[in-house]
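Reviewing the structure listed below.
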């Protein structure tokens, strides 16, 4: 059994990690940490996990083969040296996803720049071989995951793309702020990041395409839809051929329906799963491609992708512990 610890398990992604790992047939959870909730049972914070015999601790002296760092951005770089060499590490924050120059442009100074190059970017569909050999993996951001996987097959067709993102409230994390309380958040379609979103850096690094994000908060608890626009003069068949690079990927579903409500990806149909649904439309008259990609931001955009990376790192079947379909209706 793989001994797993989750550092920062009180947040939404931390809770989903605990849920997925608790059901994983090859994993034993040895520790879940939280400074705020140390000593409390896990269901006091994550009520859906009632019956799971785990308590939060604030002690980092635990036995683990893999450590998931589910802490806020900027925290991993402060604490990571406590864990280096003791276990494989999967970092859920942005601290080690991008190279030093890009990090400083989008986030500011980095406290441990010498460690960045030791991390592998944890997008299995693109870096499976590297992840298999890695000791340190940086889990991608949710917006970046949806955009990179949607854009990557077409990266040679354009140098720029406009990306419209519709994101749910859970993407903002669990910390209290005025924008997330129900009277302010309910029924909104709110622009909150019209340009220079930090996840643009991950897209640029992975695709070499300059992606210009505009992010909207919408009235969903979980789920994310990326609509990616770029110019293209060609034929639709070639676009489909490029997208079929994913045809053997266990968690990529290519949506090609020509009619009905489900003819394009919709986050409603991936909730609770590690799937990403990708489809496209081609406006030949105006030489415009629209790629649509939908994920559950907490699963394929977070905890599920981390478990997928863990499976690869430990030589397990990649889908182990993730072999379930989305819940419906939601």
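Any Cβ shown, glycine's included, is placed from N, Cα and C.
The annotation active site is assigned in Swiss-Prot to 142 on the grounds of sequence analysis. Residues or ranges marked as NADP(+) binding site by Swiss-Prot: 10, 11, 12, 13, 297.
A sphere of 10 angstroms centred on the C-beta of residue 142 (active site) encloses 28 other C-beta atoms.
If you take the C-beta of residue 297 (NADP(+) binding site) and look for same-chain residues 6 or more apart in sequence within under 8 angstroms, you find 142, 167, 168, 170, 171, 222, 223, 224. With a 10 A radius on its CB, residue 12 (NADP(+) binding site) counts 21 other CB atoms from all the protein chains.
Sequence-distant neighbours of residue 10 (NADP(+) binding site) (same chain, 6+ residues apart, CB-CB distance under 8 A): 34, 36, 37, 45, 56, 174. With every protein chain in view, the residue among the binding-site residues 11, 13 whose Cβ has the most Cβ partners within 10 Å turns out to be 13. Spread of the NADP(+) binding residues is 17 Å (greatest Cα-Cα distance among 10, 11, 12, 13, 297).
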